[in-house]
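**Q** Just lifted these from TrEMBL, have a look:
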type	residues	note
DOMAIN	41-302	domain 'G-protein coupled receptors family 1 profile'
TRANSMEM	25-50	transmembrane segment
TRANSMEM	62-80	transmembrane segment
TRANSMEM	100-124	transmembrane segment
TRANSMEM	145-168	transmembrane segment
TRANSMEM	188-209	transmembrane segment
TRANSMEM	250-276	transmembrane segment
TRANSMEM	282-304	transmembrane segment
């Protein structure tokens, strides 16, 4: 009978061998709820954008790209985890290395493209607000926008065969390898550093937007672009300028806080497991669940302040 540490490295839900059936059922139900809600919300956003020409903007193209990636996580990966959590620990499905690799590939592909789409949306809005309209029009021509989207998928596909353990839950809680010895700790470290770098760029873009909006509401108002509807501005009739700046800043900061809450626990748990000691399995499971839950929450984060999506 394998020990607890070996089970936690291969379990899809990061459960220990001794965990009760009640815990497994609870996590399976949680995955099922996230799968259903995430699938419906992502499909709805994709349907709306493709159905209404008014929503077919450059910013929404990146949002749809993220929804397509999140749909892979919510509709393909999460249902499998929900079912596997109800199987007995000695099930052959849980022990199959090929099947675990397939699940890890689905999760890695979806989350990599999703995180890249977050960054593409943030950079798109940053250029829209802080640069001249001519710069925006040149940078976001249709062909270049398509190349950015294709590049996000190409990067994800490139990482999967090179680092098969990068998105495997449980790697971060393994002890770091000894000197000169390769081990699963390095993919966990790379995962943490990649998410940290992506988060730093995303925060730079959104905080730059906040500074510009707070500093000059007139600068934003003269950009008579349809893409401004994708920013968290209140719908017409607009409130006074000072209230508009305050609402815009709060909306952007709330989006950043939600992203940080979902991504940073896994980052620091991974760093803790690599440099110091493995994190408790419950903390490891919670950090992965938060990151995966972001795939179900992304449509809400990007459309809740859009009057056109609400209509």
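Each Cβ is built from the backbone N, Cα and C atoms, and glycine gets one as well.
In the displayed structure, how are the listed features positioned relative to their neighbours?
**A** Taken as a whole, the domain 'G-protein coupled receptors family 1 profile' (41-302) shows an average pLDDT of 77 in this prediction.
Packing against the transmembrane segment (62-80) from elsewhere in the chain are residues 12, 31-32, 34-35, 37-39, 42-43, 45-46, 49-50, 103, 106-107, 109-114, 117-118, 120-121, 124, 145, 148-149, 152, 156, 230, 292, 294-296, 298-299, 302-303: each is 6 or more residues past its ends and has a CB under 8 Å from a CB in it.
Residues of the same chain lying 6 or more positions beyond the ends of the transmembrane segment (100-124) and with a Cβ under 8 Å from any Cβ of it are 10, 12, 58-59, 62-63, 65-66, 68-73, 76-77, 80-81, 94, 140, 148-149, 152-153, 155-157, 159-160, 164-169, 195, 198, 201-202, 205-206, 227, 259, 263, 291-292, 294-295, 298, 302.
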